[in-house]
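Below is one structure, written out as structure tokens; comments come after it.
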């Protein structure tokens, strides 16, 4: 039994008569009595005793703490029950017990977090091994022991990160408001993929449910004009708010700040290109006492903090290593260390993360103050598409400057532009038919794949954008990285209702399609010209040259970019319009109608099934 209770005293006779039996409390606390009254007339106001009893503070649901507890339970199950099948059953029973006691949420015991629990279990195993080795070592340790520990940390880092273990990072493809996309090579099959990293700045139960739900929706999208989805997983990462240089007194070790590490050719990779955990940078000031830390050690075990370390040997050559932090804390903490932190320090279960012991060897002399934030990193593995519609339009515009006669317009290949736009509308029709609104359609999020340049829609904006860290999460100096150009680029394609913050639906995507249609058929000589024309579309102004050259396209640009949402055509209406009325497009239109009719038939079948069930119940 993890907890017990006893009921003392006699029950109220009135309650017995009423037949109401109260459930025994989980813990029997002594009855509260009124506090004795004292004469406080001569006591200063700031020292007066509170008149009301202290209220226990309420803490928000933090997934990180719960995940650590669940991981400990799973680890104990494996230790005490070697049979894998039985250990799973023991783990489930323990989780059910803790859930009933109110110590855990069933959400953190779900299979979606199995990869994170594996990460924690490996960390716990490594911590226990390191702690035992530390206890068995002599107080005075030589460099060989420290190098041995560091080599194990390097190997451990590769084991705990799926991203580092399975993929080789080749290049960064792009960055946006929801994260960064990297070109990687799978070490097993040798194929190239695109992996998008999305840093979740909050990790409450509701937030994680939103992200996981949307990932599952995206996983169900299968269409030739949608970027292919492969898999997704979550890893734990620590994001630091870097300051200046950190001196850490370890034999043959020197810790550099992120800024110095970037300048060093042999330095550590940028934080955004690695799932490893990075310890905070501190200010090189004289040692002084600091306030107590808010970091709590949940499992009362040895905490191995990480740092970006540059090893300097006798020849002054440098090699880069990274150490993992195995301790987990709240999602947003500000650790401040007093005096010196021994490597073997173990914080108290309920106490603050401080060190008062002195150690002559192997001490970490941490100076300054920093902020370490604990987040979850969502990784989405997708089909690799390197050429975007933005690249295609930019190259087309460069070629257009060679021609003076705009009426001839040889650089605008109407057939190619029509093909691109038709495939784009087909992809939008599919996602709208699935009940999904893209919200961020623009040339940078549309890709051309393969020799035939097949259109692929990607970079779906997560509807839970308020819990996704913006593009500044990789910024070194803590300042915003978004430029004026990037904001303009987003606003040019966003519908008026999106910019006004009002409710929007699939018709907002149709506005973006109207702007893209204009850009496909209207080359621009400069960025200023492009911004002026695309901004003028909001007020119904379309270039006269485009209206003369492409009257049908100009007509639908006017309809799609209209301020009246109800008058904008849908994706299906566009596919059935005169924009694509060729022999092949007629067949496509008929296929789209069949899809719509089949959907209606399925809905009618469901309604008939419900009606028949109701009649059966009435009989």
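Note: Cβ is positioned from N, Cα and C throughout, glycine not excepted.
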* Asked: Which one of 356, 481, 485 gets the tag phosphothreonine in Swiss-Prot?
  -> 485
* Structure fact -> Swiss-Prot lists as phosphothreonine, out of 204, 490, 532, 589, residue 490
* Asked: Which is it, of 45-64, 65-84, 85-104, that Swiss-Prot names as motif 'SIFI-degron'?
  -> 85-104
* Asked: According to Swiss-Prot, which of these ranges is region 'Disordered': 1-40, 121-160?
  -> 1-40
* Structure fact -> Rounded to a whole number of Å, the separation of the Cα atoms of residue 80 (site 'Heme-binding') and residue 440 (active site, proton acceptor) comes to 51
* Asked: Whose Cβ, among the recorded positions 80, 440, has more other Cβ atoms within 10 Å than any of the rest?
  -> 440
* Asked: Average pLDDT across the motif 'SIFI-degron' (85-104)?
  -> 85
* Structure fact -> Reduced to three DSSP states, the motif 'SIFI-degron' (85-104) has 16 helix, 0 strand, 4 coil
* Structure fact -> DSSP tally for the repeat 'HRM 2' (549-554), helix/strand/coil in that order, comes to 5 helix, 0 strand, 1 coil
